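In what follows, a single structure is set out as C-alpha cells and then discussed.
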C-alpha cells in the first residue's frame, strides 16, 4: 500500500513536470524566498563597517544575492553588527533589534563584535554582542575581509533554507 502511494506520487510528478508545472512544498518556497531576499540593516560601529561597505560596492556586489541595505530596522530582517560595542551603545542595539520585523537574524562581524576584540578588558566594552542580542552567524577577523563577510552571509542563507516555512524562533 505504501509503495503504491509513492508510485502514484512519482507518476503524478512526472506527468505534471512534463507539461510545464512546477511542484514544490510551500515551506521550501518560503524558506527559499527568505534566504534569497535578505534586507540587512547596518550597525557599523568601527572599522569593520568599512569592509561591509566594500562588500556592498560593485566589486563584490551583494545585490546579486538579493540583499538590499535598508536604513530602517522596520524594513530589515538582518542586522550586521560590525565593530566595538560599548556599554553605552548596548541599549540602542537592543532597541533597534526589537524594532526589526520577524523573522530576524543577526550577523556579528569582526573580533570586537564577536568577543570584545582588542578592547576585551576595557571597562566600557561589551564582550560580544551576543550578550545583548542573539547572534546567528559569527564572522571572525580584525577586520574581516569582504570575502569573509560574503561567506558568512552565504552561511546564513544556508541556515535560513534549513528552516521550515512559517516557523521561526521569536527569541
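Here the Cβ of each residue, glycine as well, is placed from N, Cα and C on the backbone.
Here's what Swiss-Prot has on this protein:
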type    : residues         : note
BINDING : 47, 48, 112, 142 : [4Fe-4S] cluster binding site
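Here the features listed in Swiss-Prot are painted onto the structure.
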residue	record	contacts (Cβ under 8 Å, 6+ apart)
47	[4Fe-4S] cluster binding site	83, 110, 143
48	[4Fe-4S] cluster binding site	82, 83, 109, 110, 112, 113, 143, 144
142	[4Fe-4S] cluster binding site	110, 111, 112, 117, 118
For residue 47 ([4Fe-4S] cluster binding site), what is the secondary structure state per DSSP, taken as helix, strand or coil?
coil
If you draw a 10 Å sphere around the Cβ of residue 112 ([4Fe-4S] cluster binding site), how many other Cβ atoms fall inside it, taking every protein chain shown into account?
29
Around the [4Fe-4S] cluster site formed by 47, 48, 112, 142, which additional residues qualify by having Cβ within 8 Å of the site's Cβ center?
46, 82, 83, 84, 109, 110, 111, 113, 117, 141, 143, 144
Please report the three-state DSSP label of residue 112 ([4Fe-4S] cluster binding site).
helix
